[in-house]
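Trainee: Taken from TrEMBL, the feature signal peptide covers 1-23. Per TrEMBL, the feature transmembrane segment maps to 222-245, 289-316, 322-343, 355-377, 389-409, 446-469, 481-502, 514-535, 555-579.
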Amino acid sequence: MTTTNMAVRFLVVVLAVISTANAVKYKQGEKVVLYVNKVGPYFNPHETYHYYQLPVCRPKKIEHKSLTLGEVLDGDRMAVSLYEINFKQDADKKELCKVTFKENDLQLLRDAIEDLYYFEFVIDEIPVRGFIGHLEEGGFLPHNHKIFLWAHLSFHIEYNGDQIIFANVSTKEQAPVGLDSVSAPFEVSFTYSVKWTKTSTPFEERGKRVRDTSFFPKYLEIHWLSIINSMVLVFLLIGFVVIILTRVLKSDFARYNVDDDEAEALDSDENGWKIIHTDVFRFPPHKNLFCAILGVGSQFLALATGIMVMAVLGMFNVHRHGAINSAGIVLYAFTSCIAGYVATNTYRKLGGENWVWNINLTSCLFAMPFFLIWAVINSVAWGYGTTQALPWTTVVLLMCLWMFVGYPLTVIGGIFGKNWAHGFDAPCRTKNIAREIPSVPWYRSAFAHCVVGGFLPFSAISVEMYYIFATLWGREQYALYGILFIVYGILIGVTACISVALTYFQLSAEDYRWWWRSIFSAGSTGLFVFLYALFYYFKRSNMSGALQTIEFFGYTFLTCYVFFLMLGTVSFFASLHFVRYIYVNLKMD
């Protein structure tokens, strides 16, 4: 058996163990715990509150479930409920409790029902959702405005053998309780029913069963067709750029690499990218910041690739609440060594001396803006009393993860990068006096390059952006990770091709300041993502309220910042390899 086969078999076994880690087996009549989780407005996905903040049936002593880091970051706050559910034992209109509402309780329920509040319970790691009430509006004269509370819940649970496969809740099997014309004190009896149904669906496929039967609507019907259309356009674009650049470079090499006798016959007034060979490798200003951007960008490239690979391998599903959040935080901490290595190694190659400050800048380049924005969002969430506000224990845990794992690994990576750094080894010598840069038309300006360099990579992911936003800020459950991985690869490829083309046009205009422009030209994709976020918020979503708005634009800004760092890094290294290639193959005088 070869090493490759052994590795593949080991990976299959690991994935099988992971997929069955949550398999709980029950005996006849054994208690099945139902956890209440959260409530919130239907159209504000990240404005969630603990279920027991509503005036509902609750135990005298609330017992919370131990949650993972990802679940806490996702706003989950699970607690044991009063519902008594036993495996394979039906229950019919069983009383949960009686609640006597005061006037402020009634008003709280009316406001929640008018804002379309829904609840989320969890049965055997399966989310169960429904609306807490019903709103009827209609007519003109007179105008009808009636508010109803669902006081009876009917749970439908499917099982196969000794395992639960699927769970759902219905609120419409009994008439609701009207809340418009009642006054305090008002007593309501909460009841529930449980119906068990046998199914042939195996436990391994219950994830698909849960995903296909969702409380939230689905909009993924045209996904494949849209992605194929986008891929065709992108491949045509890449092919066009490669063919044009190949033909142009072939012509340039034929014109520049001539013998001495032929060179005397040519016009002595040279122009183009050959004439700036003594300036093209002149190091950029602000090398410390420049290299820190490359380091953090490389870190996020590794992080994004790791998340994509884990998703394609099936490590994220509907049963693992917040698994992607946990994976992202852990990967960010452990990929900090990449940021330190790339930043310091590049900094030393460019002649930088103060490498300690470069490491500190690299470690803070993303962490500091993230902390400031998160502090504002978390403070607002805490003021609203939502479950999106992190507990102080989680905050301490995240700070310790960065201080004792992320930052030390950045330092270690930086030390290795410094020690393993060699000379820059430029193909051309750089003169002491910089050459004057001629003026260029507007369509060759830095602004035009940023527009083109940002729009074309964005066009490669524009179709997928809707589904990503609908998952992060809507009610979708993203499952087509294979497509996302392909689109991710296309984005990297388009960014590299466009950056090479734009760098060639810049050098042909005798402008040797390509270092920073290569970062900003492709990094401007983040600006187009932010513009799309504005369009999505105002035209494609129904989000409202200060809390949801602050969360949306705060985290969207950080996402666009990550796009800038990632694609700017890809653009620079692609341009660097291209510039080295053309000047290595250039015949010097």
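Including glycine, each Cβ sits where the backbone N, Cα and C put it.
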Trainee: Of the listed stretches (289-316, 322-343, 389-409), which one yields the highest count of Cβ-Cβ distances below 8 Å with the transmembrane segment (514-535)?
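Mentor: Top-ranked stretch among 289-316, 322-343, 389-409: 289-316.
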Trainee: Three or more CB pairs closer than 8 Å, sequence separation of 6 or more: does that hold for the transmembrane segment (555-579) against the transmembrane segment (289-316)?
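Mentor: They do touch: at least three Cβ pairs between the two stretches lie under 8 Å.
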Trainee: For the transmembrane segment (355-377), what are the same-chain contacts with Cβ under 8 Å, counting residues 6+ beyond its ends?
Mentor: 288-289, 291-293, 295-296, 300, 336, 339-340, 343-344, 347-348, 388, 402, 406-407, 410-411, 414, 418, 550-551, 554-555, 557-558, 561-562, 565
